[in-house]
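J.: Sharing the feature lines straight out of TrEMBL:
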| type | residues | note |
| --- | --- | --- |
| DOMAIN | 39-278 | domain 'Sulfotransferase' |
| BINDING | K46, C47, G48, T49, R50, R127, S135, K258, G259, R260, N261, H262 | 3'-phosphoadenylyl sulfate binding site |
| ACT_SITE | K46 | active site, for sulfotransferase activity |
| DISULFID | C241-C253 | disulfide bond |
Amino acid sequence: SATLRFVSLLGYKTDDSIESKYRRLKKQNLVPTKRLPGALIIGVKKCGTRALLEFLRLHPDVRAAGSEVHFFDKFYHKGFEWYREKMPATIEGQITMEKTPSYWVTRSAPRRVYAMNPAVRLLAVVRDPVTRAISDYTQSASKRPSLPRFEDLALVNSTVGWGGPWSVVDASWPPVRLGVYSRPLRRWLRRFPRSRLLLISGERLVADPAAEMARVQDFLGLKRLITDKHFYFNSTKGFPCLLKSEGKSTPHCLGKTKGRNHPYIDPVTIERLREYYRPFNERFYELSGINFGWP
């Protein structure tokens, strides 16, 4: 500033000075701009990804795409500029986010995401794979009432007698296959260090959303602004709801599909699934460094 005053005394105009240029640049940083995501919710389907995204929207420094973009699995050929246009405008200091759960199991996704940004932060929500499979089936059955029973789809030879000794888990059925978390995690860890991928407990996201969101905010480098004051537990839905959110100042839940009642599943089928998943869960605990304590 002293230099600028000296220059003005000599009769030079300072309208186009370094200071004025700096001021213009500083103002430009406050102009909303579309950017590629700095963080991605990559999965897992029916584990709580929608809840995580809606909870994150409470934070003033987070802006997220309104719907699943499916860039890294379906539309990668359209290019990064197309992807950028799908993002919300943000100002400097805000995090651009996107959620597409199918990225978790898309084999080419880790390589493609790495090509976009090796420093991107990845979030994945996981839950008891047996409960996840039942939730997956329940969603499909709500759209297709003629769908066979869960037991008939989860076990091979179930039509002969799914409670009998010859029935085994059908590992090829998508709702069952998706619960083997260790395989996709290994692919993501080949590209990204564990410090770049946060695994979130779907069970804790329901039981104590504020505590789990504290972990998420720390991981993203955000100030802890999402706290227990934002949540209340809806006993009818069995799911946490929001006291206030980005777009609503009144209490509301995430939607009629959240907290959907699961059908009765024969205990024998559940036990077979638990036996099937047990070794895969142990492998997942080892890879992630977290014991989620699933039965």
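Any Cβ shown, glycine's included, is placed from N, Cα and C.
I'm curious about the neighbourhood of these features; can you describe it?
T.: Restricting the average to the domain 'Sulfotransferase' (39-278) gives a pLDDT of 92.
Its own atom aside, the Cβ of R50 (3'-phosphoadenylyl sulfate binding site) has 18 Cβ atoms within 10 angstroms in the protein chains shown.
Of all Cβ atoms in the shown protein chains, 16 besides its own fall within 10 Å of the Cβ of C253 (disulfide bond).
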J.: May I ask for the distance between K46 (3'-phosphoadenylyl sulfate binding site) and C253 (disulfide bond), taken between their Cα atoms and rounded to an integer number of Å?
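T.: Between the Cα atoms of K46 (3'-phosphoadenylyl sulfate binding site) and C253 (disulfide bond), the distance comes to 17 Å.
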J.: If you measure N261 (3'-phosphoadenylyl sulfate binding site) to C253 (disulfide bond) at Cα, how many Å is it?
T.: 15
J.: Which one of the binding-site residues (S135, N261) has its C-beta surrounded by the most other C-beta atoms within 10 angstroms?
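T.: Going through S135, N261 one by one, the largest Cβ count within 10 Å is at S135.
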J.: Would you count the other C-beta atoms found within 10 angstroms of the C-beta of G48 (3'-phosphoadenylyl sulfate binding site) for me?
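T.: Taking every protein chain into account, the count is 27.
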J.: K46, C241: which of these recorded positions has the sparsest Cβ neighbourhood within 10 Å?
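T.: Output over recorded positions K46, C241: least Cβ neighbours within 10 Å is C241.
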